[in-house]
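These notes are about the structure you will find just below.
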Amino acid sequence: MAKKKPKQTSSTIAQNKRARHDYFIEDKIEAGLCLQGWEVKSLRQGKANIAEAYIYLKDGEAFLSGATFTPLQAASTHVIADPTRTRKLLLNRRQLDNLFGRVNREGFTILPLALYWKQAWVKLEIGVGKGKKQHDKRADVKNKDWSRQKDRIMKNAR
């Protein structure tokens, strides 16, 4: 008997659009997360927010802090759910050393960009970037407006 194809739903759970607006993203890394059972159930329902989350390095490990995973109403009563607990990121030693060096020596910042499903696993897309100044943000808005105008002009010219 043929296998049924899984539903084609969006694999993205949450995005941090503010990070792309406020930082020049130089590099992206995929990391796993240490999660509890109720957190996975919440993520399946799409109840996550990483807009105010940040990543810090401590004792050679990386942690996600400030992310909110809202617990479900039907969650177990014997487990106390902490929606904003600090979660450990699963990275290779080489990746951790690279991040540590870039943050300490080169002045980069580590940011959570997106939370998504990769098959049955929850992954976090980490961005390594530098902060934008106000004039950089204005230039980005100006370029975006100009590209929209170009597209509009080209569409009307056809």
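Placement of Cβ uses the backbone N, Cα and C atoms for every residue, glycine included.
A quick note: this is a predicted structure, and the numbers were derived from the prediction, not measured.
Given the ranges 3-28, 133-158, the record in TrEMBL names 133-158 as region 'Disordered'. Same-chain neighbours of the region 'Disordered' (133-158): 21-22, 24, counting only residues six or more beyond its ends whose CB sits under 8 Å from a CB of the stretch.
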